[in-house]
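Colleague: There's a structure below that I have some questions on.
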Amino acid sequence: MNDYNHYFHFPREEWRKLEVSKDQILTAEELEEIRGLNDRISLQDISEIYLPLIKLIAIQYHEAIFIHGEKMEYLKKKESRAPFIIALAGSVAVGKSTTARVFKLMLDRWFSKTRQVELVTTDGFLYPNKVLEERGIMDKKGFPESYDRDRFAKFLTDLKANKEDVEIPLYSHFTYDVLDETRVIHNPDIVIIEGINVLQADQHESLFPSDFFDFSVYMDANESDIKKWYLERFFMLRETAFQDESSYFHPYTKISKQEAETFALGVWDTINGVNLKENIEKTKYRADLVLHKGTDHLISDIYLRK
């Protein structure tokens, strides 16, 4: 399915011509600090793609604030607006985490830090490994059934109910498991929620996560490119983070490169690739905006819902 009929299509060359002040641009040092492993996002992308997008999000944010104010005045109520929630979805290894960090830094810059912007990843809403093992679904980690959807729904409900302090579970990619500790966000204005599952919908639930989102983005690329990036990232991690004996994946530094490649390909072909085709990719057309990356990691096309 390639249903972009209800989207405006902007090739990169057209999108980059949208007018926006360059005052909000990041420095090379700031970008380097937030760039993910094997993510080749550049200052050119920041200037040509993300600045116009941040302005668009700011327009949506101000519109939401205005409409809420008008409604409260009409209803003679004095309730502040719930946080503006931005969802960011896409496959493993497509660059979601870096993009989410870019969003946060640029929104902080755009609003001159007069708005509290928080970043949340849905990894913390996975069931702990112990639970996944007990249920026999450790090999389905990242699939819809591996997430504590009730906990995620409560988190979203608390946000939209203007609860003053909202608790967020934390996840470690080092130990490959949910941590015991949590963090609390206090009265945020804008919340960016990043994860492969944020646009998924369970037909048996009364509420869909998308019911809570004010703006949603899907990071897209051809599967062959994502698979290649996944393998490149795996081998980079094998030479760095996996070398620590406490890492969940440390054993894969002790086998040959060919054996490690066989393992990584197996993970893609039986888990990540399957999850992409069966669960993640089909959520693309639920997004308000789709960013499509080319083989070179650069965003080539932008699709904005009409």
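Backbone N, Cα and C define each Cβ position, glycine as well.
According to Swiss-Prot, the ATP binding site annotation covers GLY90, SER91, VAL92, ALA93, VAL94, GLY95, LYS96, SER97, on the basis of sequence analysis.
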Colleague: For the binding-site residues GLY90, GLY95, which one has its C-beta crowded by the most other C-beta atoms within 10 angstroms?
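Modeller: Most Cβ neighbours within 10 Å: GLY90.
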Colleague: Sort out the sequence-distant neighbours of VAL92 (ATP binding site) for me: same chain, 6+ apart, CB within less than 8 Å of its CB, listed by position.
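Modeller: Those within reach of VAL92 (ATP binding site), by Cβ under 8 Å and sequence separation of 6 or more, are GLY142, ILE196, ILE226, TYR230, ASN272, ASN275, LEU276.
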Colleague: How many other Cβ atoms sit within 10 Å of the Cβ of SER97 (ATP binding site)?
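Modeller: There are 22 such Cβ atoms around SER97 (ATP binding site).
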Colleague: For SER97 (ATP binding site), what is the secondary structure by DSSP, using just helix, strand and coil?
Modeller: helix
Colleague: Within 10 Å of the Cβ of SER91 (ATP binding site), how many other Cβ atoms can you find? Include all protein chains, please.
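Modeller: Result for SER91 (ATP binding site): 25 neighbouring Cβ atoms inside 10 Å.
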